[in-house]
Amino acid sequence: MALLSLALIAIVGIFHNFATAPPVFAVDEGKEVTHGSVIKLQHERTKFRLHSHEVPYGSGSQQQSVTGFPGVEDANSFWIVQSPSGTEFQQGDAIPNGSIVRLQHVRTHKWLHSHLHQSPISGNLEVSAFGGDEQSDSGDHWKLEIEGAGSVWLRDQKIRLRHVDTNGYLHSHDKKYSRIVTGQQEVCGFAKKTSDNIWSAAEGVYFPARSTA
Ligand SMILES: *[C@@H]1O[C@H](CO)[C@@H](O)[C@H](O)[C@H]1NC(C)=O
């Protein structure tokens, strides 16, 4: 696992060096988002990317903040798609609807996390980045809900991620921070299903599906 992480960081380094002219890792229509893939999650309505960085929240849990980021190329928007610890999924496995996944932030190794703290701007559920390679709990578990048709998660497909402990949907909206992470928008957990909790997998490094490779 450590070796895999190193390889992924190397890959992300390559992306970072092409900051002005990102290489096109072609998104083949109809291909799976597989376990172990490194992806950016795009918020459908605003096109911001799910993002984290070493900036703690000034309120709530004071854990590492998670935001929506306006640019496409920032390396702090890469997340590794993982299964919960103790499950039998392997790198390259397709991810069926209803699966529980974890998203690990590549740069800081923390997990996309939520809990009952209030989010800073809208007072919904706070979404943070928490834990690390050796530290993860059920607050890092998200259930995949595929929108429309299809039995496994595909690139470019609309999805929702529902937080298992709180039932909040991973959500973002036009509410923006005006200090420190100016221009980035709030990401929170939201109780209701709306168009603002739809996301899709965008740029990334996708492991080919094992079954069809
Ligand atoms: C995926 O599962 C959710 C419930 O977990 C359901 O609402 C949704 O319709 C399913 N999507 C597909 C494409 O079957």
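The backbone N, Cα and C atoms fix where each Cβ goes, glycine too.
Taken from TrEMBL, the feature signal peptide covers 1-26.
For the domain 'MIR' (30-84), the model's average pLDDT works out to 95. Under the heading domain 'MIR', TrEMBL lists 30-84 (among others).
Taken from TrEMBL, the feature domain 'MIR' applies to 92-147 (among others).
Taken from TrEMBL, the feature domain 'MIR' covers 150-204 (among others). The DSSP breakdown of the domain 'MIR' (150-204), given as helix, strand and coil counts, is 3 helix, 27 strand, 25 coil.
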